[in-house]
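Asker: I am attaching a structure below and will ask some questions about it afterwards.
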Amino acid sequence: MARQYFGTDGIRGRVNTSPMTAETALRLSIAAARTFAPEGGREVVIGRDTRRSGDMIEAALVAGFTSMGITPVLLGVVPTPAVALMARETGAALGVMVSASHNKFEDNGLKLFSPEGIKFDDDTEEALEMAMGTALKGEYAAPAEITLPRTMAGTSNRYVRRCLDTLAGGQDFSKLKVVLDCAHGAGFETGPAALTELGAQLTVIGAAPDGININAGFGSTATGALKAAVLETGAHIGIALDGDADRLIVIDETGTEADGDQVMGLIAGEMHRTGRLKGGGMVATVMSNMGLSEYLKTEGLTLARTKVGDRYVGEHMRAHGFNLGGEQSGHIILSDVSTTGDGLLAGLQILSVLAARGGKASDMLRVFTPAPQELINIRYSGANPLESDRVKTALAEAEGLLGDRGRMVVRKSGTEPLIRVMAEALDEDLMLKALHHAANAVTAAAGNS
């Protein structure tokens, strides 16, 4: 079925524009209450990031849940993985995170978690889509059964402690110089708290949220400020979170960026070496570099691929017994501890390896030599360019150029009006030829030529 609300990662869009309106949040909360707690009397945990519209969306959720006899438990500003944690540890019927992740403040979104702290699968989202359409026409709780929201203090401390407890005792982090970029987002308190407790020599940037500066010039998709701070302070390593702190990008001491593929490769190798890796390998998406796959082969490990979205990675991990997975964009799932991507948790594992091994982050994070890979994002309005016959022909031609010497992934973003065109091959000239052949066709169909 065609979806009106849900995309790759929950519901997301420009605030006060469909689908990201207060009415959508109201419909969702009522539909979710009827679907997951039809008898009422349950609790739902709700967290949010720092963007200005978060209070508005939260208020709409509260109105819907209380009208159905469900008690909203307000966690305040917390990372997305903290909401997943509290959903599974409090017996809640549902967890809701109000966030648009790495997007600017003009956008917001809703991420949903089951009582097990797991993002909903496609079938569940489609059931909610159906229920949201008629949400305002059904019955509500009797007046005496309408609930009141309550706040829950201590979620941030509980989450930080859970992350820190994953580290081996007795490690000395006091010699590590670390710069942490919190993106003016949900991790602006939890990230510094965790690294301060470690005893690292810490410099914090991007930790002064004002409601509109989330992800603006800071964070995992804007690493210029972090690179400059690492070089200026002589830090050994820099870590950038995104707006809801469920992913990270790492910067080495030279100011060079290491993406999620390199981070996953490092963690996989370390977990394999210490006998903690399950499933004989790890899980990533179709966007991960083929160099990661080749590296894992040399270690006797496998790489399973899914479509884009950390929830699909998580689904495959649970179904096939893996405990490590993630995305090139920096969502890393360590399922022995967390059920979803977690930037702080992954960052702590990297710092632990660096503290144990010594040496330079630049050496440690160069786990494999990436195959030449390039991604072009093409914005569009109106019809989906991928429906064009000319685009379909051009994509087939580009894939024919690559043959078995490379890969091409072309997809519509589930969170923004973008077509993403990615190509990779060991032969860079071949990769670029195929990439631009495909991208030019998409650009023309999008009306950008």
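A Cβ is built for glycine as well, from the same backbone N, Cα and C atoms used for every other residue.
These figures come from a predicted structure and were not determined experimentally.
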Asker: Can you tell which of Ser101, Ser114, Ser381 Swiss-Prot lists as binding Mg(2+) with Asp242, Asp244, Asp246?
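Answerer: Candidate in the recorded Mg(2+) site: Ser101.
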Asker: Give me the count of other Cβ atoms within 10 A of the Cβ belonging to Asp242 (Mg(2+) binding site).
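Answerer: Counting Cβ neighbours of Asp242 (Mg(2+) binding site) within 10 Å gives 34.
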Asker: What does DSSP call Ser101 (Mg(2+) binding site) in the simple three-state scheme?
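Answerer: It is coil.
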Asker: Please list, in sequence order, every residue of the chain apart from Ser101, Asp242, Asp244, Asp246 whose Cβ lies within 8 Å of the Cβ centroid of the Mg(2+) site.
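Answerer: Near the Mg(2+) site, beyond Ser101, Asp242, Asp244, Asp246, sit Asp49, Pro79, Thr80, Ser99, His102, Gly185, Ala186, Leu241, Gly243, Ala245, Arg247, Gly341, Gly343.
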Asker: List every residue in the same chain as Asp244 (Mg(2+) binding site), at least 6 positions away in sequence, whose Cβ is under 8 Å from its Cβ.
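Answerer: Expected: Asp49, Pro79, Thr80, Met97, Ser99, Ser101, Lys111, Gly185, Ala186, Gly187.
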